[in-house]
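Asks: In case it's useful when we look at the structure, here is the feature table from TrEMBL:
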type     : residues                                                                          : note
BINDING  : ASN13, GLN46, ASN66, GLY76, ASN77, ASN170, ASN203, GLU221, ARG222, GLY231, THR232 : substrate binding site
ACT_SITE : CYS75                                                                             : active site, proton donor
ACT_SITE : CYS75                                                                             : active site
ACT_SITE : CYS230                                                                            : active site, proton acceptor
Amino acid sequence: MRIRFTKMQGAGNDFVVLDETRQRLGLTAAQYRQLADRHFGVGADQILSVRPSPAPGIDFEYVIHNADGGEVEQCGNGARCFARFVADKGLARGDRIRVQTLSGVIEPRLGVDGRVTVDMGPPEFEMALVPFDDAGLDPQPDGGWHKWHLALGTQPDAPIVAVAVLSMGNPHAVQEVADVDAAPVREQGPRIEHHPRFPNRVNAGFLQVVDRGRIRLRVWERGAGETLACGTGACAAVVAGIRLGRLDRRVDVETRGGLLTIEWDGGNAPVLMTGPAVTVFEGEIELQDAGETTR
Ligand SMILES: N[C@@H](CCC[C@H](N)C(=O)O)C(=O)O
């Protein structure tokens with residue numbers, strides 16, 4: 001099967017974008033993995049599918065698959081690329097759209113400077129977690145704010161990390177570090193991702209506070225490994241920092257792939273994320289036949 005695709009990136013978090021507005025491609029998990037593969041495919045952290053409106057008042061459906069082929073609820077950098085894609089392809093009427101994701105409706109809008117701002121909705125602090133057990137977790141509720149101590153292993157000297165746990169539609173566990181360049185992202189990231197506490201796995205963020213309006217961030221993404229930037233990870237890190245009294249309401253987030261700006265007024269206010277969205281190239285690829293068609 002031969003398909004057309006667009007390769008995009010937002011702060012270095014890269015995507016294969018598929019136009020399914022007229023016809024569903026019916027790809028299998030193995031085919032999503034092939035598209036994401038940097039040696040045998042196009043190469044991407046996530047595959048984004050653009051589908052027609054699923055309901056009145058909604059412009060599009062936005063379906064996200066991680067590089068490992070699994071479907072996920074949300075992707076922030078992808079949301080900006082999604083908005084740029086539907087505008088550039090003439091699929092959207094205005095510069096503001098309403099998009100259905102697995103975790104709710106988000107509202108991206110194109111800025112005059114080429115950047116895109118996305119209303120990501122409010123953060124959630126009551127995530128579904130596997131009940132704590134002595135072997136893996138010591139819960140430390142902190143004034144209603146969920147800050148947990150995770151043991152990364154069962155041996156007595158296993159490292160224990162304190163993480164703030166929240167959802168931006170998708171799950172995040174964020175820890176503060178003194179120096180993000182020296183942070184053990186590749187060692188701890190997979191162990192946090194697969195920690196028994198998180199039934200659906202989790203994205204692991206490592207945040208360094210520079211000052212009240214600036215942080216540096218690296219994220220080990222669920223289903224993709226460390227990426228150059230994670231939009232929902234940036235939202236989660238800033239929300240965590242604000243809740244802990246360490247950050248102001250507008251924060252610049254330095255990632256290895258570029259700068260994102262996150263704003264949050266607290267409580268049930270939506271989180272606003274602003275950053276770049278760039279088309280890299282377009283092409284066609286022959287996909288192998290393998291496995292069962294997914295949603
Ligand atoms: N890169 C994304 C997040 C993509 C999904 C994530 N890996 C997950 O599994 O939840 C972003 O920019 O938010």
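Placement of Cβ uses the backbone N, Cα and C atoms for every residue, glycine included.
Model, not experiment: these values are computed from the prediction.
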Asks: Per the record, substrate is bound by ASN13, GLN46, ASN66, GLY76, ASN77, ASN170, ASN203, GLU221, ARG222, GLY231, THR232: how many Å separate the farthest pair of Cα atoms?
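Replies: Output for substrate binders ASN13, GLN46, ASN66, GLY76, ASN77, ASN170, ASN203, GLU221, ARG222, GLY231, THR232: max Cα distance 16 Å.
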Asks: Can you tell which of the binding-site residues (ASN13, ASN66, ASN77, ASN203, THR232) has the fewest other C-beta atoms within 10 angstroms of its C-beta?
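Replies: Each of the binding-site residues ASN13, ASN66, ASN77, ASN203, THR232 was scored by Cβ atoms within 10 Å; lowest is ASN66.
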Asks: Report the residues of the chain - excluding ASN13, GLN46, ASN66, GLY76, ASN77, ASN170, ASN203, GLU221, ARG222, GLY231, THR232 - with C-beta within 8 Å of the mean position of the site's C-beta atoms, for the recorded substrate site, in sequence order.
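Replies: Along the chain, the qualifying residues are ASP45, VAL72, GLN74, CYS75, GLY78, VAL219, ALA224, THR227, CYS230, GLY233.
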Asks: Going by DSSP, is ASN13 (substrate binding site) sitting in a helix, a strand, or coil?
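Replies: DSSP assigns ASN13 (substrate binding site) to strand.
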Asks: Specify the count of other C-beta atoms within 10 Å of the C-beta of CYS230 (active site, proton acceptor).
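Replies: For CYS230 (active site, proton acceptor), the 10 Å Cβ neighbour count is 34.
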Asks: What is the number of other Cβ atoms found within 10 Å of the Cβ of ARG222 (substrate binding site)?
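Replies: ARG222 (substrate binding site): 25 neighbouring Cβ atoms within 10 Å.
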Asks: Could you find out if DSSP has ASN66 (substrate binding site) as helix, strand or coil?
Replies: strand
Asks: Measuring Cα to Cα, how many Å separate THR232 (substrate binding site) from the residue listed as 'active site, proton donor'?
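Replies: Counting only the Cα atoms, the answer is 6 Å.
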Asks: What does the structure give for the C-alpha distance between ASN203 (substrate binding site) and CYS230 (active site, proton acceptor)? Integer Å is fine.
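Replies: With distance taken Cα to Cα, CYS230 (active site, proton acceptor) is 9 Å from ASN203 (substrate binding site).
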Asks: Could you check which of these recorded positions, ASN66, CYS75, ARG222, sit within 10 Å of CYS230 (active site, proton acceptor), going Cα to Cα?
Replies: CYS75
Asks: Relative to the Cβ position of the residue listed as 'active site, proton donor', how many further Cβ atoms are located within 10 Å?
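Replies: There are 30 of them.
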Asks: Measuring Cα to Cα, how far is ARG222 (substrate binding site) from the residue listed as 'active site, proton donor' in Å?
Replies: 11
